[in-house]
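Annotated features, as they stand in TrEMBL:
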SIGNAL    1-25  signal peptide
COILED    67-105  coiled coil
REGION    260-281  region 'Disordered'
COMPBIAS  260-280  compositional bias 'Low complexity'
DOMAIN    355-417  domain 'SLH'
DOMAIN    427-490  domain 'SLH'
DOMAIN    492-553  domain 'SLH'
Amino acid sequence: MKKTKFLTVLGALVVFSSLNLSANALGGYDPGIYKKTNNDSKTMQYNEITFVTGKPVLLTGTLTRTVIDKEKEYSILQRELDKVLKQLSKNAKTATKNNKGAQSTVAPVPTAQLDPEVNYNGTTISEKYSLSGEGVKITRDLSITPVNKYYAGQIIQTANIKKAKETINVNGKTYNLDSNLSEMSESVVIDTKPAIDYYGGNASFYKVFTEGTGNKEGAAKLIIQMDGKSTGYDEFWGKTDTKTLNYTINLIPATGGTDTKTTTTNTANGTTTTNTTTTTSQASGTLNGTYTVKVSQNSIKDLIYSENDPKKISFRGGYGVTSQNNAAMEYTYDINGVQGSGNSQMENMPEVTRLFAPVLTDVQGHYAQEAIKIVTSMNGFDSNKKMFLPNAYISRDEFARAVVVTSGLYNNKTDGSKNKKTTYRLKEELFSDMKVLDENYNYVKTAVEKKIMIGRDDNKFEPKNPITKVEAIAILTNSLGLDVLIPNGKFSTGFEDESQIPPWAYDSVYIAQNIGLIEKGGTLLPNSYLTKADASEMLLRYVEYMTGDLKEDYMQRILNY
């Protein structure tokens with residue numbers, strides 16, 4: 001990997017840092033974890049492990065950084081996309097006219113389309129660190145302007161470093177970052193899907209710290225090298241960033257300094273002898289070794305149920321969502337021939353938000369009772385209606401509402417029109433068979449804008465038509481973008497009636513059973529209409545995947561946490 005000067009290009013540090021408040025561990029590739037006590041605060045408690053003394057020292061302190069408004073960042077992208085799309089509007093209109101209605105005979109989700117390439121800058125980020133522990137103090141001050149390239153649903157991010165200052169105080173000595181001698185190179189790609197963003201990247205740096213002020217010739221130099229990789233995801237129910245960071249550390253003693261010692265001897269005969277000795281001074285102590293740090297930074301939401309103790313109350317209990325931030329760090333080292341390991345963890349107190357407590361009179365004792373109540377509590381179904389009708393078929397507009405709500409894509413404050421995932425704009429009204437004032441219009445609009453669902457022929461959505469099981473499966477798996485799970489060559493779904501699965505849904509069915517959206521084996525009845533009860537069960541498994549298996553896959557593959 002080619003290196004570039006530290007102050008010129010810092011490729012993709014923005015993803016490992018600037019998206020930190022949504023998914024990623026803070027501090028670029030310095031081995032630290034943070035604890036947020038207030039989601040709106042710019043200052044967070046921050047811990048970092050260092051080996052500048054030759055042994056592990058856990059530094060504690062604060063990190064103050066710019067709070068990134070994700071919706072603002074995506075609005076910048078949207079604005080730049082609109083500029084390019086405006087230039088291509090004539091070609092786009094021609095293509096749309098020629099292909100009108102082609103999707104209706106294929107799948108209920110949008111087919112892949114290539115967006116134009118867009119280059120744009122993000123919000124400049126300021127990061128300031130203040131850390132201390134066991135006689136060591138570190139201050140770090142960074143200013144980063146993201147440089148982004150968007151194409152076909154992916155974003156490649158690099159960063160232009162406007163300012164990089166760092167000072168290390170250890171054993172009574174001060175080391176300052178020499179930006180002229182330091183280098184860094186990174187790259188990351190973010191793959192944006194309707195309900196989730198995935199990312200992965202690599203980075204390396206070569207930091208040179210010089211003892212004292214200025215570039216004093218012969219001064220001691222502390223050199224820290226790093227090679228690391230990061231993976232993570234960001235969605236409504238959770239955000240996880242995992243890093244594996246490999247370091248080498250070396251202290252080069254000062255050279256060129258001299259110590260002069262003069263000795264005078266008087267003899268008995270009155271002769272005086274003077275002896276002058278000059279030696280080259282050397283720094284005391286050595287520092288040489290390697291260490292590896294693995295970190296996992298997580299923001300987690302979970303569903304809980306709270307039963308009311310009084311019996312004479314209008315509702316027996318209700319569901320809530322807990323939100324918690326936690327982080328874990330593990331390290332191993334071999335410094336000056338001494339080997340060891342350790343770990344550190346941080347977490348905040350969970351916050352609880354109660355959901356609606358619907359009173360449904362026709363679901364008591366139903367096999368899908370819990371799933372129905374959870375989805376309705378989230379407002380995925382109309383919570384004002386006491387009759388749920390669990391065995392009735394779910395309509396297309398009802399399913400659109402349930403999906404965008406349970407996935408967190410629908411924003412009540414903006415009626416779904418300004419959510420971060422918008423990649424193109426749709427004019428009112430969307431379809432000839434839907435009005436703006438329709439009960440589920442904004443939910444359908446969100447589903448279409450986020451590329452969760454599409455319409456039918458003749459500019460119709462057919463909102464009241466029932467949805468089939470495989471259509472629902474395709475919609476949910478499409479929102480997660482897990483095509484990587486599909487095996488090469490021929491494969492079987494294992495269902496007795498898999499011959500009835502439409503070709504466009506075959507991959508989706510395989511993915512759905514792989515992540516637990518549907519049960520394996522037996523008969524699927526792929527083209528049967530989906531009941532509201534079965535839809536609720538599927539949606540609950542969808543939420544459970546995002547709150548459970550997805551999180552564990554990222555965390556446990558990196559740490560035993």
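One-based numbering along the chain as shown.
Just so you know, glycine gets a Cβ as well, placed from its N, Cα and C.
Please treat TrEMBL annotations as automatic predictions, because they have not gone through curation.
The structure displayed is predicted, hence computed values, not measured ones.
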- Message: Treating G and I as helix alongside H, and B as strand alongside E, what does DSSP give for the domain 'SLH' (427-490) in helix, strand and coil?
- Response: 27 helix, 2 strand, 35 coil
- What counts of helix, strand and coil residues does DSSP assign across the domain 'SLH' (355-417)? 23 helix, 2 strand, 38 coil
- Determine how many residues of the domain 'SLH' (492-553) DSSP places in helix, in strand and in coil. 37 helix, 2 strand, 23 coil
- Would you report the average pLDDT that the model assigns to the domain 'SLH' (427-490)? 92
